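Colleague: I grabbed these lines from TrEMBL:
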- Gln304, Glu363, Asn414: S-adenosyl-L-methionine binding site (BINDING)
- Cys442: active site, nucleophile (ACT_SITE)
Amino acid sequence: MSLATTCSRSVTSVKRAILCSVTKTSLLFSANNSVTADQGKLPSKKRWSKSHKKVPRAAHLSWEERLADVVTPLWRLSYDEQLELKQKNQERILSQLSGHLLGDFQPHSSSPVRCSLSFPVLPILPSPVRDGYRNKSTFSVNRGVDGNQKTVGFYVGTGKEGNIVCVNGDQLLNMPEKHKLVARCYQDFIRLSSLEPCLLFHTGGHWREVTVRTNAEGHTMAIVYFHPQTLTPEEVAVHKADLVDYFTHGPGSVCHLDSLFFQETTMTRCTHEESPYQLLHGRTHIYEEVLGFKFRISADAFFQVNQAAAQVLYSTVRDLCAPIADQTGGQKKVGGTLLDVCCGTGAIGITISPRVDRIIGVELIEQAVEDATHNAALNNVLNCEFIAGKAEVVLPGLMSQLSSVGRGLTAVVNPARAGLHHKVIRALRNQPAIRRLVYVSCKPDGEAMRNFKELCCAPDPKKKLTGEAFTPILAVPVDMFPHTPHCELVLLFER
């Protein structure tokens, strides 16, 4: 008996449709992206123990191998083995939630007993692309293996231990060749420059990281970060001109940059509002397509780093938020309102928009809201509106307006690793019109677990959680990051 069949018997007819749809998505993406029959199965324990080789001691490894172990820790395993490892990890994490709901979880135990899962966890959906999948990479500048401080790459070692070495990423499996090329050219440029690199802010220097963004069509954007220190604007302008000349007419022209941005900042990280991204060359944006919708990517906009797997993720979220009753695969409308919390540039809401009556997105970053509004107009999506502000501030007032929603209210949340603010959980929990909630998490064993428990616990007046509890119905892991231990988890709650 198939997993989908087994699961569907344990849930209502609506949930059966969801399971069928998500399982169909899994088969579709697996079939369309050359996943062999062997890859579709999880390795046996015997095969796993035989092929799971012990990682050699760092002292005997090359610098490239050490870097690969830091950035892509699973690179030595076959993709089947990576998926098995991630599947077991997600099941282990979710068993904590099951145990908590059943009252068996022992949070202070040194080795907590793994509880049986009280809801189905579907097999992890594989990434259609395994190598070179990243569409965004940030390369650091620091002392290299040969001692050259103008080395561009990634860190091995830690600042705390004082043993940082910057190693080029040419051998990393998750990096596309175009990103590696831009990094090599940037290293060549700063080595030609008379200015020193900025390794530590208080020790001086100017040249900092470079971020490379690409899309499925091969368009390339580079963002160079620069510390002005005591240079005058006129002096900075000279070096900006040198940078443009190198990448447009010099050796860097092999990169064929579509956009070259420059950000002067005295802080480690800052937004466009704090220190504007200066366009030195080319177009202001590149564009990416997901599930037939086009999205504008600005210099600092968030977008999933694996475009091919993003299609799997968003298709899964769409099927859980707005499941279609007939399994024709069309864009049948189910109606209702979708509340999209932490909506970013609007990707989730826009891809679901044909199936619902109305989308309301809430996002903290103003530039992202501008991008979301633009993306909706770009795709001629007229049923989306986006609100800028902290979700914990916006939601309480918005909820009173949504109480009168006639055809049902569904919520989808896609927060950062820090999870949702407790006031957001409270607002969602206490809104009786929300009957279905989809939570997308990149770190379910972190603060997201606290969110899960507060959504599902018995009413607690002390925490102001007075609404009816949600119940976890279904979990779907999606592998967005091959060769690393990480994946996205999509969790459906209902009440």
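Numbers here mean position along the shown chain, with the first residue as 1.
Using the three backbone atoms N, Cα and C, a Cβ is placed for every residue, glycine included.
Values in this document were obtained by computation on a predicted structure and should not be read as measured data.
Tell me what's around each of these sites.
Modeller: Long-range Cβ proximity for Glu363 (S-adenosyl-L-methionine binding site), meaning a same-chain Cβ under 8 A and a gap of 6 or more residues, is found for Cys342, Cys343, Gly344, Val369, Ala372, Phe386, Ile387, Ala388.
All protein chains included, Cys442 (active site, nucleophile) registers 17 other Cβ atoms within 10 Å of its own Cβ.
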Colleague: Taking 8 Å from the centroid of the Cβ atoms of Gln304, Glu363, Asn414 as the cut-off, which other residues in that chain fall inside it around the S-adenosyl-L-methionine site?
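Modeller: Apart from Gln304, Glu363, Asn414, the close residues are Phe302, Cys342, Cys343, Gly344, Thr345, Ala347, Ile348, Val440.
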Colleague: Using only the residues recorded as binding S-adenosyl-L-methionine (Gln304, Glu363, Asn414), report the maximum Cα-Cα distance in Å, whole number please.
Modeller: 16
Colleague: When you measure from the Cβ of Asn414 (S-adenosyl-L-methionine binding site), which residues in the chain that are at least 6 apart have a Cβ under 8 Å away?
Modeller: Asp340, Val341, Cys342, Cys343, Gly344, Ile348, Val440
